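Here's the structure we're looking at; comments come further down.
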């Protein structure tokens, strides 16, 4: 596409946005933009201020890029440049734009798909950094993207908060959408539920079924643990699953734990989810965390070459050593470092601990208590705090109690004698036995380690 073509479709994109927005919204956000230049697969747009650029890119950049793709058939990246005196209002397109429109009617540009997935543009395989702890899950995801509906169907990706489940799921969606003519639909479990309730109230359930049962070739649902204790939604998901599975459509779910542990999900849904492959994402190791930070710095410099940053290897290592909770915290720390560099021009290693004190575990007060662990474990296993600490010896209580003992030994500095007192006055030998039981099971049950990592993450979150 030539430069005029980019400008034409930019103006068409704004026209479409105007028709879909309120007048107040359009005048506040979109009337301040104007076309500056185009490059290969990129358009530079003028905005009135740096504050406006930050707010606008967070709220509307992906929406504009999707709309441009729908109209032109060409994917683009929007680049924003602050230009003082940006003209306001809906200015008429230049004469050369009208000429181009007459010769190249946008209506003649075929739409690539009948449905455009609402995917995060950064969640691709290219941006996913795979280490030893994610190698199997990464390989499975690539296999599904190359053979949707045939290998590993359904695919369930589970793990703790901020470990990359959504990224890996959406990377599959991006790849299938890019390389096939299949319709990819991505939705969070909560939005699936909200949409279903809305169609019930408006008596448009057929529209809902058409979208999820008949339009979808690939269905991605994030956070299916949301469906626990929601019988009506589970019923709808069950029939949607059956319809897609029988037609060999690809189904991908994410969850915060193995599906067998979703005790308030119907047994028939748990059974359906277990038909394919379940794979877990664990905490990234130190080397992987370093690689993730380096990759994100490279991506930032590629996206914003005019304000590229330099972060030394020493800073990268220091951050990676002190943030081992999840990738989301790494991203948050990097964002803060970038903001500091934009203001100060550079960053040195001696500044990092104070700058990132809320992220660094070593800088946080040690407030993890046995009581905190007991509450987290009780909530996770859906049992009462008093039962967990009490004298009950049925299996549904003893096993979570042993897990709580194991976590307490790892996350606190109490002796086994002190832990025995915390666990209702038990003997220290009971604590030792419980911890040894869990240590032994870790060797034979890989999913247990993922579950323990999830619980550790929840404990850390509870003291923030």
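From the backbone N, Cα and C atoms, a Cβ is placed for every residue, glycine too.
Annotation source Swiss-Prot lists region 'Domain I, interacts with DnaA modulators' at 1-74, citing sequence analysis. Here the region 'Domain I, interacts with DnaA modulators' (1-74) is broken down by DSSP into helix, strand and coil counts: 49 helix, 12 strand, 13 coil.
Look at Swiss-Prot and you will find 74-117 tagged as region 'Domain II', backed by sequence analysis.
Residues annotated as region 'Domain III, AAA+ region' in Swiss-Prot, with sequence analysis given as evidence: 118-341.
DSSP assigns residue 162 (ATP binding site) to coil in the three-state reduction, placing it in neither a helix nor a strand. With a 10 A radius on its CB, residue 162 (ATP binding site) counts 20 other CB atoms from all the protein chains. Per Swiss-Prot, the feature ATP binding site maps to 162, 164, 165, 166.
Residues annotated as region 'Domain IV, binds dsDNA' in Swiss-Prot, with sequence analysis given as evidence: 342-464.
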Sorted by sequence, non-162, 164, 165, 166 residues with Cβ within 8 Å of centre, ATP: 159, 161, 163, 167, 168, 254, 281, 327, 328
Checked against DSSP, the composition of the region 'Domain IV, binds dsDNA' (342-464) is 85 helix, 0 strand, 38 coil
Restricting attention to the region 'Domain I, interacts with DnaA modulators' (1-74), give the mean pLDDT. 82
Around the Cβ of residue 165 (ATP binding site), the count of other Cβ atoms that are within 10 Å: 23
